[in-house]
């Protein structure tokens, strides 16, 4: 009579040995070599602990309508005109004070509630004999980030341009970019730099010196700079025409560097560890099968149906 394959079920093979046997010692060693080396490999390959991460955010930037201007004149050396929105600075200038006409406008182009660009125009009246050879200009801003930690600071854009020939207009088109010397925190409120760039209440001339202002500003770990201003210097001014500064300053999306939190570090480390662990699990599983099947270490093989193994585990 012919025989047919009617039914089948898998059989698990168990290997039994004492807890103090060579088989138990081998299994303990194999387990240790399965789980510990992946941790060492992941750690020694660097980048195991995520110390810095990045994200994108559109900053909330507003122009504070605080301006400090120094116009360098020629051909006499040391001649200049100055003006600012700080009354004390203006009083200190004496005959060098010249009040310009300033107009500004901020625009939210994508209607997301955050300003995207500043249009700044300054017209400095000049006498027919006065010639502008260079400009130093400070504009101050309120700068805020909210996606991770709440970061607030008062920052500035510093523009300095000088040319060999007298000019009639200076056109500037650049981005207000964030510069970080250290990452921000991933949570909390950071207002350490939410102080005026220029101390407008000080009666001392030293506090309005550009060298002092820029040096103190550069001591910060987080600043803004006017990036790629692309200055265009136009010549040929009419006798009674003012000197014009026309600036377009954009507030672009920034890549913010921050210190990740504990659980983010654990998640990043766990992904690296598991990806290496899977390889070790596969390798040592086959090593254990070879060792026990070929009785490299003494053990007693027992065939156990899968259903009985499940019952043993449940019991």
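From the backbone N, Cα and C atoms, a Cβ is placed for every residue, glycine too.
Not measured: the values here are computed from a predicted model.
Given the ranges 262-282, 283-303, the record in Swiss-Prot names 262-282 as transmembrane segment. A gap of 19 Å separates the Cα atoms of residue 199 (N-linked glycosylation site) and residue 221 (N-linked glycosylation site). Sequence-distant contacts of residue 194 (N-linked glycosylation site), defined as residues of its own chain at least six apart whose C-beta falls under 8 angstroms from its C-beta, comprise 152, 153, 154. With the fewest other C-beta atoms within 10 Å around its C-beta, 221 stands out among the glycosylation sites 199, 221.
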